[in-house]
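K.L.:
One structure coming up, written as structure tokens, with questions to follow.
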């Protein structure tokens, strides 16, 4: 591993996909970045649905679940508060975005209801959030349901900020490819084969970026992976480049919180040795407070509020 520090080489980039090589880092760091990009970048998603009228063939819960999985624009999500940190009773413009949907089957044929039919009624205050992500050529978005003549669907959705650790609907990435040691020099992969592993296991496209092993070379027990091939695909709620950038930023904050806790622990030990009993008596409590600083550190603090919001047509978009 070089002492130059982490290096990134972009191999391919598009609107929804970026392929890059991350080098001069160890396996733990590369895998931490992968996990953070998958589950710890905040986005906006529909969290609860109030159904006023539903005469379709689909149950309220079924439609609520489909609504929850619709990607919503989350570019300015940092300007939105977590609902658990907001001082409002249920939801407000500072912690949520309210969308409405009203559709009626008027034609003799089937009427399709798409995510484009969702209308934002909240005051966005200039923030780029809440709009359904529409990527198809027709500009319709996600199909929510189908209506026959005379059927009606009328509902109100409340979208809130969250991370994929709470529910997959808040995940910003559709898929993340992750590979290292394509020639299997480190023997981390045990190939299963019938006759010849070289013929039955096709080579990865990443093999061309590394030298093949020489036949007869001794195995290096001290060798470690330091080059990782990653491909990130976004669902559209956040641009794919921001998925990577915000993943790095989130990982830095998590490491910083640990460093802060360790630093304070060392300071408490110094104070204890010098006879500061007040500080020493609060060592355990203060360390716990530092570790739980920030909304991202405790995504389950409102676990008791994650059930159904009550009767009267409310359903969680889970």
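Glycine residues also receive a Cβ, built from the backbone N, Cα and C atoms like all the rest.
Below are the features I grabbed from Swiss-Prot:
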- 2: N-acetylserine (MOD_RES)
- 86, 88, 92, 95: Zn(2+) binding site (BINDING)
- 297-318: region 'Disordered' (REGION)
- 299-308: compositional bias 'Polar residues' (COMPBIAS)
- 309-318: compositional bias 'Gly residues' (COMPBIAS)
K.L.:
Using all protein chains shown, find which of the binding-site residues 88, 92, 95 scores highest when you count other CB atoms within 10 A of its CB.
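P.N.:
Answer returned by the neighbour count: 95.
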K.L.:
Determine which residues of the same chain, besides 86, 88, 92, 95, have their CB within 8 A of the center of the CB atoms at the recorded Zn(2+) site, and list them by sequence.
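P.N.:
Near the Zn(2+) site, beyond 86, 88, 92, 95, sit 81, 83, 87, 90, 91, 93, 94, 96.
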K.L.:
What same-chain residues, at least 6 away in sequence, bring their CB to under 8 Å of the CB of residue 86 (Zn(2+) binding site)?
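P.N.:
Once residues fewer than 6 apart are set aside, residue 86 (Zn(2+) binding site) is near 92, 94, 95.
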